[in-house]
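Engineer: According to Swiss-Prot, the protein has these features:
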- T18: phosphothreonine (MOD_RES)
- S20: phosphoserine (MOD_RES)
- 152-155, K178, Y193, N217, 239-245, 270-272, N321: NADP(+) binding site (BINDING)
- K178: N6-acetyllysine (MOD_RES)
- K178: N6-(2-hydroxyisobutyryl)lysine (MOD_RES)
Amino acid sequence: MVRAKSWTLKKHFVGYPTPSNFELKTVELPPLKNGEVLLEALFLTVDPYMRIAARKLKEGDMMMGEQVARVIESKNAAFPTGTIVVALLGWTTHSISDGKNLERLLAEWPDTLPLSLTLGTVGMPGLTAYFGLLDICGLKGGETVMVNAAAGAVGSVVGQIAKLKGCKVVGAAGSDEKVACLKKYGFDVAFNYKTIESLEETLKKASPEGYDCYFDNVGGEFSNAVTSQMKKFGRIAICGAISTYNRTGPPPPGPPPEVVIYNELCFQGFIVTRWQGEVRQKALRDLLKWVSEGKIQYHEHITEGFENMPAAFMGMLKGENLGKAIVKA
């Protein structure tokens, strides 16, 4: 019998999550049936969306999330022992699957790249950047792009794709170390929003002519400031609002209506699961190619040990990670 450890939601979050919100449980998994596989987690992801998605869980449910896993026992010919897969299996060390929810690595995945990238730059965050920028914003060469949380898993890819497409990129991050990383990635302007005197003046200095596209990972007052400096017919892709996820009071006011109206701005929220099938596979191949060629750089913030899943999650929500937050099981 295999014993699986799982992190569950003990109590719903109020404000920032704390260790008391989580409980580690151990269960014995049943023997495999025909068509099933037994999976062992290798890497697990913690992402901002989990803070909001957890509202739909019942107390006692396992926390949700993707992981990279290895098949360690198989009664399914499509997934022999040793196969590496990516799947939404939750915060658990071991799982049983019938194979329907499992995604194999891209056939061209090189041995030189870490498997954990399938949870970051060549996974859900990278796809979010890809489709949010190219489809939602409809990015064109020569435009000016603003992205916040720019040193994170999504924002760092947004900026680098925009540079690949011939755009000017301005990025905001929350530490000098992160700003240095953005400059290494080729951002034209990068600033630490925690140490500047005026966000409005910093944005204006970075791009006096304004912004064509804004990729919003943060929401709140920051986004209102950017909205006021968008160009005519500017496009805003609303990916996240991490600045508001842990609020206990009322949400901040939205952008000035007159700015939205008279500049004819387009706001669109989106969830990356919209894109499936071949269009998704093409995006993954593009991302893998760019990473393999060194055109997109990446940084991972890896926490060792499955027992540290809650700590990694809480640290990510407070911006302690540089790049993609990953847990190595």
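Quick reminder: no glycine exception, Cβ is built from N, Cα and C everywhere.
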Engineer: Can you tell me how many other Cβ atoms are located within 10 Å of the Cβ belonging to the residue listed as 'N6-acetyllysine'?
Structural biologist: 24
Engineer: Find the shortest Cα-Cα separation between the residue listed as 'phosphoserine' and the recorded positions G152, G155, K178, A241, and name the residue that gives it.
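Structural biologist: It is A241, whose Cα lies nearest.
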Engineer: Checking the contact step here: among the binding-site residues G152, G155, T244, I271, which have a Cα within 10 Å of the Cα of the residue listed as 'N6-acetyllysine'?
Structural biologist: G152
Engineer: Name the residue among the binding-site residues A241, I271 whose Cβ has the smallest number of other Cβ atoms within 10 Å.
Structural biologist: I271
Engineer: Quick one: of N217, T244, which of the binding-site residues has the smallest count of other CB atoms within 10 A?
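Structural biologist: With the binding-site residues N217, T244, fewest surrounding Cβ atoms within 10 Å: T244.
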Engineer: Give the distance between the Cα atoms of I271 (NADP(+) binding site) and the residue listed as 'phosphothreonine', rounded to the nearest whole Å.
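Structural biologist: One finds 27 Å between the Cα atoms of these residues.
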Engineer: Say we define neighbours as other CB atoms within 10 Å of the CB. Which of the binding-site residues G152, G155 has the fewest?
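Structural biologist: Counting other Cβ atoms within 10 Å of each of the binding-site residues G152, G155 gives the minimum at G155.
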Engineer: Only counting partners 6 or more residues apart, tell me which same-chain residues put their Cβ under 8 Å from the Cβ of the residue listed as 'phosphothreonine'.
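Structural biologist: The answer is M314.
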